[in-house]
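**Student:** Taken from TrEMBL, the feature active site, for GATase activity covers CYS2. Per TrEMBL, L-glutamine binding site is recorded for ASP98. Residues annotated as ATP binding site in TrEMBL: LEU233, VAL268, SER342, GLY343. Under the heading domain 'Glutamine amidotransferase type-2', TrEMBL lists 2-185. Annotated site 'Important for beta-aspartyl-AMP intermediate formation' per TrEMBL: GLU344, in sequence order.
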Amino acid sequence: MCGILAVFGVADNSQKKRSRIIELSSRLRHRGPDWSGLHHHKDCYLAHQRLAIVDPASGDQPLYNEDKTIVVAVNGEIYNHKELREKLKSHEFRTGSDCEVIAHLYEDYGEDFVNMLDGMFSFVLLDTRDNSFIAARDAIGITPLYYGWGLDGSTWFASEMKAISDDCERFMTFPPGHVYSSKTGGVKRWYNPPWWNPESPIPTGPYDPLVLRKAFEKAVVKRLMTDVPFGVLLSGGLDSSLVASVASRYLADSAAAQWGSQLHTFCVGLKGSPDLGAAREVADYLGTRHHEFHFTVQEGIDALEEVIYHIETYDVTTIRASTPMFLMSRKIKSLGVKMVLSGEGSDEIFGGYLYFHKAPNKEELHHETCRKIKALHLYDCLRANKSTSAWGVEARVPFLDKEFINVAMGIDPEWKMIKPDLGRIEKWVLRNAFDDEQSPYLPKHILYRQKEQFSDGVGYSWIDGLKDHADQQVTDSMLDKASFVYPENTPTTKEAYLYRTIFERFFPKNSARSTVPGGPSVACSTAKAVEWDAAWSKNLDPSGRAALGVHVSAYVEDGKTAAQ
């Protein structure tokens, strides 16, 4: 990952302003510790903090076209850049960077080229010929982007809120799958798959396990594009285990093979946690070089303020899961690794969260998966990106590959329905696709392991420890008055109140708090879970253990955990 900051229409073009832009850009240096770049043209600034993954030697940014009239700052990876270069043979490329194609695509195709990109990206592009500019974000919002406006009429873009929150009067999350054009002064959607439109018919496509398997294998292989050491985050759950299995199969035939034939895998947890044992077993089965990291509840609590500063949210689920990921990323970076593959997105696409057991019909299930995918940029994508980027590590997510999503979301959702009487547990369509007797991808019991949310899987006492800590920090009176102190997205638990107070210290503006979604949640659900089973409304907690009657280690009446 990299960090970008761009400002257009600045009233003050003094050296003092340039210094301010450099100062604000440096707030993103954790995202890109390898190099800093700045381009200044009239009243426009494009600043870049680089994490060098592809072409470390010559791919410094901003990047340019041949005569430097087009300037672009990019955060992300363009996996199909070699195919795009074939379409751009009339152009001269100065670097081996995958992102340089953006400048030349704009020259040939204008503002409508964004849907040609296959990757994760946020970018800002300046056309110095008329001082126009565009900004765009990838289809699902894997990479973060914010935009805002200054009192002097300036328009700002940044990878993280912390770079613009002080200087913008108002700012917001840039919507995924959109492009902003200064010529029209607004955003328009460039990503328009059928499932995105709630009015579209429910998919009726057949379920072909081999088609689904090949689509996922292709998604993993294209993400092995790297010129630096890499690995896979392995929790021992289905999703990360499949990523590791496929990556290990195709490693020898990929560009990443320059770093050796043995895949590196990483896992974090409290000692004795569910994930550690499962991950160790998968690593042994695949023959990976496995790295197991431990943390204590107190170490996680001690890191909370730094975690919230980096991930820029007060959402309880996200903070619970981001903290161990943040601690693990620091260890990973210490090993010299700069890129990791991760398993985010599968649960949203296939209805993998435990509350999907209560989906009443395929129509409801399909619409809920659509809602979940659309919100990923506020939750799991934000966590995976910012927790790793805090230490200069890039996370890639093959389940959120555009082509794979098209295949998975085109399947008749009847196949995704959880039907215990037919032996279909959550994500059965994915599990079945990789259930190969002749050439097994994973041990059977791992392939059919029950969903364990990351914040649970690192150790059940992690969440219980956070709640106990919050009880000591937040009084009953503070929580009783929460609606007066925080009338928007009012925290309803002491844990949520604690996170909100930390967040507000770093980001006190209304614009900042409005970037965080709210509402009741059970086991990572939207409010739909409560509609599907009214009994769950009495146990509102985003932990998977709140899925009463579904999770094998569900909460019991006193709020603690059974069958630990």
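One is the number of the first residue shown, and numbering goes on along the chain from there.
From the backbone N, Cα and C atoms, a Cβ is placed for every residue, glycine too.
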**Student:** Going by C-alpha positions, which of the recorded positions (CYS2, ASP98, GLU344) is nearest VAL268 (ATP binding site)?
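**Tutor:** The answer is GLU344.
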**Student:** Given the recorded positions CYS2, LEU233, SER342, GLY343, GLU344, find the one whose Cα is closest in space to the Cα of the residue listed as 'L-glutamine binding site'.
**Tutor:** CYS2
**Student:** Distance between CYS2 (active site, for GATase activity) and SER342 (ATP binding site) at the Cα atoms, whole Å?
**Tutor:** 18
**Student:** At 10 angstroms around each C-beta, which of the recorded positions CYS2, LEU233, VAL268 has the fewest other C-beta atoms nearby?
**Tutor:** LEU233
**Student:** Other than its own, how many Cβ atoms are within 10 Å of the Cβ belonging to ASP98 (L-glutamine binding site)?
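**Tutor:** Summing over all protein chains shown, ASP98 (L-glutamine binding site) has 25 other Cβ atoms within 10 Å.
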